[in-house]
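Features reported for this protein in TrEMBL:
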| type | residues | note |
| --- | --- | --- |
| TRANSMEM | 72-96 | transmembrane segment |
| TRANSMEM | 108-128 | transmembrane segment |
| DOMAIN | 149-289 | domain 'Palmitoyltransferase DHHC' |
| TRANSMEM | 193-216 | transmembrane segment |
| TRANSMEM | 255-279 | transmembrane segment |
Amino acid sequence: MRCSVLHLLRCVRLRLCSRRGRSRLPLWAQRIQAYIKLLAQSLCFNSLTDSDVVFDSIFEPVFVTVDYVTRWFGMVFVCLVVILTSSVVMITYIVLLPLALTTYSPAWIAWHSLYGNWNLIMIAFHYYKAIKTSPGYPPAEKNDRPFVSVCKKCIMPKPARTHHCGICNRCILKMDHHCPWLNNCVGHFNHRYFFSFCLFMTLGCVYCSISCRNMFLDAYNSLEVSHFAFFAITNFQTPAPPYTFKEKMFHKSIVYMWVLTSTAGVALGALTVWHAVLISRGETSIERHINKKEAVRLAQWGKLYKNPFNYSKLNNWKIFLGVEKKSHWVTRVLLPSGHPPHGDGLTWDVFPVKRDLIAV
């Protein structure tokens, strides 16, 4: 609006000057000159311009490229997760299970069988649901639902906690982030599936890493001995007893599984802890940055910012997990459950309350 007023004033002044005969350039050249000058000023002046706007403008090509690559390589990342997870499962059943049946006691065999298969079922179920479940979208038709703003890209009303995803090119209800490993956005209706997948995958990786630690050390030492034997033969020294091809593959598969599960457990465990902290605070990854900036802004005025969607830690977890009674801690948390989340994602209760939103 300000630029439009300035442009109008410049045009009026230019016309007055041309009538007085003070300008040496013809009228059409003066108009082109004024327009070019206005364009140049609009590139470096705006009353709303700040460091964030400048940063976004400079790196906009980078953001577009990343969104494009993530959109088209989403299925590649999903296939990679399936292949790596399947390889660990195959090694467990083909390589480790026959060894465990001959060396472990019946009690240990029962424990590993029950826990390992339960953990695998929870991982597969929640990963499938996180991929296939829609994160939730605002209604496209006109309605009387309250909204807090209008999306600049969709030109549609945005309910509270809704954000636009550049990769999906849609607004997402209670958007947390776009996960390339799911090839899907994490939003209101699949946020629980995403977090449960991260949690149970971390538990599975830690379980494999701890259970196979001694096997990994033995396999690694055996490969070192085999490597030493190869150099001993080339140097005409007395070689160590060689291993067969089957034994070498056995050792390499254990080393591969231990390294993969250990590194994935550390990386995914850190991500799981971070999301657990956000859930305890009643905020998403995007809202974490928004709330932080809002707290800093209000602190300059001597005010304290409180997240309106933080209902206390226990209530936040009840709402997130959909726990409505005591038995749900087992049936909806420790067992596969496809129950919908609390609420529709369009309207939210605001301001913390002391009573339980979901009494348990």
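Glycine is treated like the rest: Cβ placed from N, Cα and C.
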Inquiry  = Please count the residues of the domain 'Palmitoyltransferase DHHC' (149-289) that DSSP assigns to helix (H, G, I), strand (E, B) and coil.
reply    = 85 helix, 16 strand, 40 coil
Ask   = Which residues of the same chain, at least 6 past either end of the transmembrane segment (255-279), have a Cβ under 8 Å from a Cβ in it?
value = 84, 87-88, 91-92, 176, 195, 198-199, 201-202, 204-206, 208-209, 212-213, 215-216, 219-220, 223, 285, 288, 316-317, 320
